[in-house]
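Features reported for this protein in Swiss-Prot:
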type	residues	note
DOMAIN	5-65	domain 'LIM zinc-binding'
REPEAT	66-97	repeat 'Nebulin 1'
REPEAT	98-132	repeat 'Nebulin 2'
REGION	128-151	region 'Disordered'
COMPBIAS	128-142	compositional bias 'Basic and acidic residues'
REGION	233-264	region 'Disordered'
COMPBIAS	242-260	compositional bias 'Low complexity'
DOMAIN	266-327	domain 'SH3'
């Protein structure tokens with residue numbers, strides 16, 4: 001059976017030499033033309049629509065049709081939405097408990113950073129190291145505060161026999177304003193390496209020590225009370241008798257003011273200035289390098305009182321500006 005050409009106005013037999021198979025039909029090569037304009041086409045530039053060949057300009061364009069929003073269409077859309085929600089919720093229930101998705105925000109970033117810092121502190125043992133440092137830290141010395149014992153006036157006969165109460169409490173000074181014993185050791189505070197003073201080996205410089213003028217009220221009153229003041233070397237030389245004083249200066253009389261016992265149990269010691277110091281307060285004294293300061297009394301770890309031999313001024317001075325000095329044995333008249 002011979003094959004016929006698919007073109008309607010041709011209808012002739014198609015031989016194998018001129019045969020063209022396309023769109024499920026057999027065509028003559030010269031009969032394979034555009035249905036609208038009649039332009040000859042080939043296998044590269046044709047477009048088929050409804051099993052008919054078309055060129056590109058005349059190819060029927062598919063345009064989306066506009067459908068009215070009817071109740072039926074609304075019902076279909078609602079069903080589609082419900083089906084989508086059901087499927088999504090089923091997936092959500094399936095994934096529940098397996099993982100949690102959390103969005104990163106500043107608060108979460110801060111918590112993650114804090115957790116990382118805590119983990120590093122625990123891993124490196126910072127807390128244990130601080131605890132060990134606190135264990136080896138020297139404990140503060142807290143002097144006991146017994147019942148204050150008033151000091152009776154002393155004369156030259158009873159000077160060599162101090163009372164047992166004063167000898168037992170060698171680290172106490174007495175203040176008439178506070179009515180009893182006052183501990184000279186202040187509360188130590190933890191400082192930095194910049195506050196360490198290498199001269200006295202204590203924490204805190206001389207300028208940083210608390211100045212308590214009330215502690216000096218009784219000492220200054222006793223020194224300024226008598227018309228003549230004497231100091232002995234810190235070796236503990238006994239005070240002179242009244243006869244020797246009257247023979248040296250017949251017009252001067254030795255009164256018997258209340259004596260102040262130093263924390264070391266002696267009548268004062270002498271020091272020598274190794275630096276210049278300018279008084280920063282009214283209860284301090286100024287001195288130059290090389291000055292001899294006598295009749296010294298220790299107030300606390302950083303301060304003491306004494307009299308400068310050169311200027312005869314009495315007051316407070318920093319302990320890290322002086323060093324112990326040995327005076328010749330004997331009596332030295334200051335005023």
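Just so it is clear, glycine is given a Cβ too, placed from its N, Cα and C backbone atoms.
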Over the domain 'SH3' (266-327), work out the mean pLDDT and round it to an integer.
90
May I have the DSSP-based helix, strand and coil counts for the residues of the repeat 'Nebulin 2' (98-132)?
26 helix, 0 strand, 9 coil
